[in-house]
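Asker: This is the feature table in TrEMBL:
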type: DOMAIN; residues: 27-482; note: domain 'Major facilitator superfamily (MFS) profile'
type: REGION; residues: 504-525; note: region 'Disordered'
type: TRANSMEM; residues: 21-40; note: transmembrane segment
type: TRANSMEM; residues: 86-111; note: transmembrane segment
type: TRANSMEM; residues: 118-136; note: transmembrane segment
type: TRANSMEM; residues: 142-164; note: transmembrane segment
type: TRANSMEM; residues: 176-198; note: transmembrane segment
type: TRANSMEM; residues: 210-231; note: transmembrane segment
type: TRANSMEM; residues: 294-314; note: transmembrane segment
type: TRANSMEM; residues: 334-355; note: transmembrane segment
type: TRANSMEM; residues: 362-384; note: transmembrane segment
type: TRANSMEM; residues: 390-407; note: transmembrane segment
type: TRANSMEM; residues: 428-449; note: transmembrane segment
type: TRANSMEM; residues: 455-478; note: transmembrane segment
Amino acid sequence: MENKEAGTPPPIPSREGRLQPTLLLATLSAAFGSAFQYGYNLSVVNTPHKVGTSCGRGNILQVFKSFYNETYFERHATFMDGNLMLLLWSCTVSMFPLGGLLGSLVVGLLVDSCGRKGTLLINNIFAIVPAILMGVSKVAKAFELIIFSRVVLGVCAGISYSALPMYLGELAPKNLRGLLGTMTEVFVIIGVFLAQIFSLQVILGNPEGWPVLLALTGVPALLQLLTLPFFPESPRYSLIQKGDEAAARQALRRLRGHMDLEAEVEDMRAEAQAERAEGHLSVLRLCALQSLRWQLLSIIVLMAGQQLSGINAINYYADTIYASAGVEAAYSQYVTVGSGVVNIVMTLTSAVLVERLGRRRLLLAGYGICGSACLVLTVVLLFQNKLSELSYLGIICVFAYIAGHSIGPSPVPSVVRTEIFLQSSRRAAFMVDGAVHWLTNFIVGFLFPSIQEAIGAYSFIIFAGICLLTAVYIYMVIPETKGKTFVEINRIFAKRNRVKLPEEKKEETIDAGPPTLSPAKETLF
C-alpha cells in the first residue's frame with residue numbers, strides 16, 4: 001500500500017491548452033467541409049485567364065460560355081448576341097455573393113436554434129444539392145441549373161463563413177484561438193488553389209470535364225456529414241445558451257485533455273450571467289448600444305477593408321501584367337497557380353505567427369505591404385510602355401500584394417471578429433459582419449470594371465488609400481487580443497465605450513453603502 005502511494009504522482013493539469021487530437025480533427029472536419037466550399041466556388045468560375053476562343057481550346061471560362069451558347073442555339077436555332085451572353089455570365093458570377101448575403105442574414109437564427117455544429121451539418125444540404133444539379137446540367141442541357149446552383153452555393157458560403165469561425169473560436173483555448181481562427185481563411189485559400197488546379201485545361205477545364213469540376217464541391221460536404229457528428233458541440237454554446245454545464249464539461253474534457261478546466265468554466269459562467277441579464281441582442285439593438293459601439297464599428301472596418309483594399313482588382317489585372325512581362329497567354333494560368341501557392345504559404349505563415357506576433361502586427365504589416373504594392377503598381381502600369389523592364393516589377397507587385405493580403409487582411413479578421421464579442425451579442429454581430437463582407441464583395445465586383453475603364457491604373461491609388469485608412473483605424477482603435485479571455489477583451493472595449501461592467505457597478509455599490517433609487521443606465525453587461 002505504501003509503495004503504491006509512493007509511486008508516480010498523477011499528471012498535473014496544464015493551464016495552457018494544447019492542440020489535442022480531438023480538437024485538431026474537429027477543426028479539419030469543420031473547415032474542410034465549410035470554408036473550402038467558399039474558396040472553391042469563388043474561384044471555379046472566376047479564372048481570369050483568357051486563352052483561346054473555341055469550345056475545345058479555351059479555358060474553363062470559354063468552356064462555360066460555349067455550353068451556354070450551344071444550349072441557346074439548340075433551343076432557338078441562333079446563337080446569343082454578346083449582350084445576352086454578358087448578362088447571363090454576370091448572373092452566374094454575381095449570384096454567388098448575393099446568395100452569400102442571404103446566408104449571412106439567416107445564420108444568426110440557425111446558430112442559436114441548431115447550435116454551431118448543427119448549423120454546419122445542416123448547411124451541407126446547400127452544397128450537395130447544387131453539386132448534383134450542376135453535375136447533370138450538361139446532360140439536362142440547362143444552364144439555368146448552374147445559375148440557380150450558384151445562388152444556393154452562395155447561401156452555403158454565407159452561412160459557413162460566419163458559423164465556422166464562431167464554432168472554431170469557441171472550441172479553442174485562448175492560447176490557440178488565433179491559430180484555429182485563421183483556419184477559416186486557410187481552407188478558403190486551399191479551395192481557391194484546388195479550383196485553379198482542377199480548372200487547368202489538361203485536368204477538368206475542358207468540355208468533357210467541367211460537369212465533374214462543378215460537382216466536386218459536394219465531396220467535402222459529404223465528408224463533413226460523415227465525420228463532424230463524432231465531434232463535440234461548442235462547450236460555450238452548451239453552457240451559456242443551453243445551460244447544460246455537464247455537456248460543456250464533457251466537451252471540454254475531450255477537447256483539452258488533462259488541462260485544468262475550472263478557469264475556463266468559470267469564464268463561461270461569467271458570460272452566462274451576462275447572457276441571463278441581457279438576453280439575445282437583435283441587430284437593431286446591437287447597433288444602438290453604446291456598450292458595443294466600437295466593437296461593431298471595428299468589424300465593419302475590418303470586413304469592408306478586407307474586400308475594398310483591392311484584392312479583386314489585382315486578380316483582374318493579373319493577366320495584363322503577366323502578358324506585358326512576356327508571359328504567353330497559354331502559360332499565364334500556370335503563373336496564376338504560382339500566385340495560389342504564395343497565397344497558401346503566406347496564409348499558413350499567418351496561422352503560425354498570429355499567436356506569436358499578435359493580431360495587430362499582422363494586420364498592420366499586411367495593409368502596409370498591400371498599400372505599398374498598389375502605389376508601385378500604379379507607377380508600373382503608367383510607365384511600362386516607356387520602360388519595358390518595369391513589367392517584371394509589376395509581377396513582383398502582384399505577388400507582394402497577394403503575400404501581404406494573405407498574412408493579415410485575409411485571415412486575421414476571422415479571428416478578431418470572434419474575440420471582440422461575448423456570447424450574447426455574437427449572433428447579431430456576425431450577421432452584420434457577414435452582410436458587410438458580402439455587400440462589399442458584390443460592390444467591388446459590380447463597380448470595379450467601370451472604375452477601371454474610367455481612370456485605368458489610377459484606380460490602385462484608391463485601394464492604397466483604403467489600405468492606409470484601415471491601417472490607421474486598426475492602430476488607433478483595435479486592441480491586441482492575443483492571450484486574453486473574451487471577458488478581458490470585453491473590459492478593454494468597455495473603457496473605450498465609456499461604460500461600466502456589472503462587477504464594477506457592484507463594487508461601487510458596496511463602497512457607497514446602501515443603494516439609493518436612481519435611473520439605471522443601459523449597458524450590455
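Think of each number as a place in line: the chain as shown, counted from 1.
The backbone N, Cα and C atoms fix where each Cβ goes, glycine too.
Automatic prediction, not curation, is the source of TrEMBL annotations.
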Asker: At a C-beta cut-off of under 8 Å, are there same-chain residues at least 6 beyond the transmembrane segment (428-449) that contact it? List them, or none.
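Answerer: Result: 93-94, 97-98, 100-101, 103-105, 107-108, 111, 158, 161-163, 166, 280-283, 285-287, 292, 295-296, 299-300, 303-304, 306-308, 312-313, 316, 417, 421, 459.
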Asker: Please give the sequence-distant neighbours of the transmembrane segment (294-314): residues at least 6 beyond its ends with Cβ less than 8 Å from one of its Cβ atoms.
Answerer: 286-287, 363, 367, 370-371, 374, 377, 398, 401-402, 405, 409-410, 413, 416-417, 420-421, 425, 429, 432-433, 436-437, 440-441, 443-445, 448, 452, 459-460, 463-464, 466-467, 469-470, 473-474, 477-478, 493, 496-497
Asker: Counting Cβ pairs closer than 8 Å, which of 21-40, 142-164, 210-231, 455-478 has the most of them with the transmembrane segment (118-136)?
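Answerer: Top-ranked stretch among 21-40, 142-164, 210-231, 455-478: 210-231.
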Asker: Are there 3 or more C-beta pairs under 8 Å linking the transmembrane segment (86-111) with the transmembrane segment (210-231), counting only pairs at least 6 apart in sequence?
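Answerer: The answer is no, given that the two segments have fewer than 3 Cβ pairs within the 8 Å cut-off.
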Asker: List, by number or range, the same-chain residues at least 6 past the transmembrane segment (390-407) whose CB is under 8 A from its CB atoms?
Answerer: 189, 309-311, 314, 317-318, 321-322, 324-326, 335, 339, 342-347, 349-350, 353, 362, 365-370, 372-374, 376-377, 379-381, 383-384
Asker: Can you name the far-off residues of the same chain, 6+ from the ends of the transmembrane segment (362-384), with a Cβ under 8 Å from a Cβ of it?
Answerer: 302, 305, 309-310, 314, 317, 321, 324, 350, 353-354, 390-391, 393-394, 397-398, 400-401, 403-410, 412-413, 456-458, 460-461, 463-464, 467-468, 470-471, 474-475, 478
Asker: Quick one: average pLDDT across the domain 'Major facilitator superfamily (MFS) profile' (27-482), no decimals.
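Answerer: Across the residues of the domain 'Major facilitator superfamily (MFS) profile' (27-482) the model's pLDDT averages 87 on the 0 to 100 scale.
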Asker: Which residues of the same chain, at least 6 past either end of the transmembrane segment (142-164), have a Cβ under 8 Å from a Cβ in it?
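Answerer: For the transmembrane segment (142-164), the list is 30-31, 34-35, 37-38, 41-42, 45, 64, 67-68, 71, 88, 91-93, 95-107, 110-111, 116, 119-120, 123-124, 126-127, 129-131, 133-134, 136, 184, 214, 217, 430-431, 433-434, 437-438.
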